[in-house]
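Enquirer: Quick one: the structure is below, questions incoming.
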Amino acid sequence: MLDLKLIRQRPDWIKEKLSSRGVTAEEIDELLGLDEQRRAKIVADENLKKKRNDVSEQIAQIKREKGDASQAIKDMREVGAQIKQLDQEVAELDEKVTYILVRLPNIPDDSVPVGPNEDYNVEIRKWATPREFDFEPKAHWEIGENLGILDFERGAKVAGARFVYYKGFGAKLERALYNFMLDEHSKEGYEEVIPPYLVNNDAMFGTSQFPKFTEDVYTVINEGDPLTLIPTAEVPLTNYYSHEIIDGAKLPIYLTALTPCFRSEAGSAGRDTRGLIRLHQFNKVEMVKYVKPEDSFNELEKLTADAEDILKKLKLPYHVITLASGDASFSSAKTYDIEVWLPAQNTYREISSCSNCTDFQARRAQIRYRDENGKVQYLNTLNGSGLAVGRTVAAILENYQNEDGSVTVPEALVPYMNGVTKLIAEN
RNA sequence: GGAGAGUUGGCAGAGUGGUAAUGCACCGGACUCGAAAUCCGGCGAACCAGUAAAAUGGCGCGCAGGUUCAAUUCCUGUACUCUCCUCCA
């Protein structure tokens, strides 16, 4: 959520900044008009409340002296009705202002390329040269099925399309990967967390999946009290400190968690229908940071580097791109996507997304800190995948495949695989 | 699932219809070579409006409603915490 005062003070700047994010100048003008009406009503309302407080005190005084206060009480009855009316009008305007305000995306940082879609994304660095194959590299789903470690058919039978069973060394590889990732992040100062996988609407609002993106998730109705299967650990990790005021001396705070993520993938019918790339349920190791505003862009660089380190240690080629203003997520001021090389697709595919949400989520979720001067202010939140585990399995299968159908285990994972160095089909 | 108790500033804790005591902590001062102790004074909740910044006002006692001229206080609903019973991996 944006700061309404900022919109009031710099409307033209806001309009310009949000124009590439699908926000029209008319929307901002409408918001400002409603806000002005709202504030005018508040002034009138508060004047009446002041009067009520003053007269109420007089009534108390008269009664204490056993006098007759019936005239004042009669007058106040009318004032009370007016206040009730104005309160309601203010509440209605408040609702209208809030309706618009919570649907405005974050302001892109000045360093972000301006443009409406992914065509304006900019590659900023590339790591390692993709391996040259002297045979035709297979797609990971083919490798996995041949090795008997991925079973998409039974996933579809038991749950539906876009669900999978990992088996045997497939399951072990997945487990090895997230244990490795969590250990590496722990070394960098992230505290490991196991959060709830179902969250309430307030949490979904706090990280801004709600109210705009309700179609993308699975919601479970529990006796009229809806709970949503988390689409990412960002939700429970960022809401961990919601509605709290943190001691500034405790910042920065780094959290990491492995969780399953559930996404309905509405609107992506026909895309990535095979393999591990786009499933309704997948594991992801997430990193979340709570930082002081002045540190957040520096922390974004470190966060991205922490995600990249996993790929470097796994020796998987990747590149990093800065998302254009129109391609970044709703709550982000700046996002780096890390894309890993998939030989069978002959392209880079997203494996991590690292965002600085500045104070956008903090304002929604009411996460504040007390600075050295005792002043309460919004902190900044960041989140990034480190990494999407299923997509990492896909990348390993494809990049480490051998002509005979076996897959070499990346050196860094061997200790996590109990010494297994190669995945070979068992008959 | 059932019964009871509770939720008030950073912490502790009073307040049964008249507009939030007090203590600790914190800040300033006195005393002291300095500190501690003591004494004096003050600040002290988030939010909204307002202002150049102040002042000032509103709101505010878990949350949402209701009754009333007036609600921390009465009524209704609800969330969470604790205790006991029940159930359970």
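From the backbone N, Cα and C atoms, a Cβ is placed for every residue, glycine too.
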Enquirer: Which of these, A:R263, A:R349, A:R363, A:R364, does TrEMBL list as part of the L-serine site with A:T232, A:A233, A:E234, A:E286, A:N383, A:S385?
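Expert: Record check against TrEMBL: L-serine site with A:T232, A:A233, A:E234, A:E286, A:N383, A:S385, extra candidate from A:R263, A:R349, A:R363, A:R364 is A:R263.
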Enquirer: In the same chain, outside A:T232, A:A233, A:E234, A:R263, A:E286, A:N383, A:S385, whose C-beta lies within 8 angstroms of the Cβ mean position for the L-serine site?
Expert: A:I230, A:P231, A:V235, A:L237, A:T259, A:C261, A:K284
Enquirer: Closest to A:S264 (ATP binding site): which of the binding-site residues A:T232, A:A233, A:E234, A:E286, A:N383, going by Cα position?
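Expert: Ranked by Cα distance from A:S264 (ATP binding site), first place goes to A:T232.
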Enquirer: Taking just the CA atoms, what is the gap between A:I351 (ATP binding site) and A:T232 (L-serine binding site) in Å?
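Expert: That separation, Cα to Cα, works out to 13 Å.
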Enquirer: Please give me the CB contact count at 10 A for A:E265 (ATP binding site), counting all chains in the structure.
Expert: 15
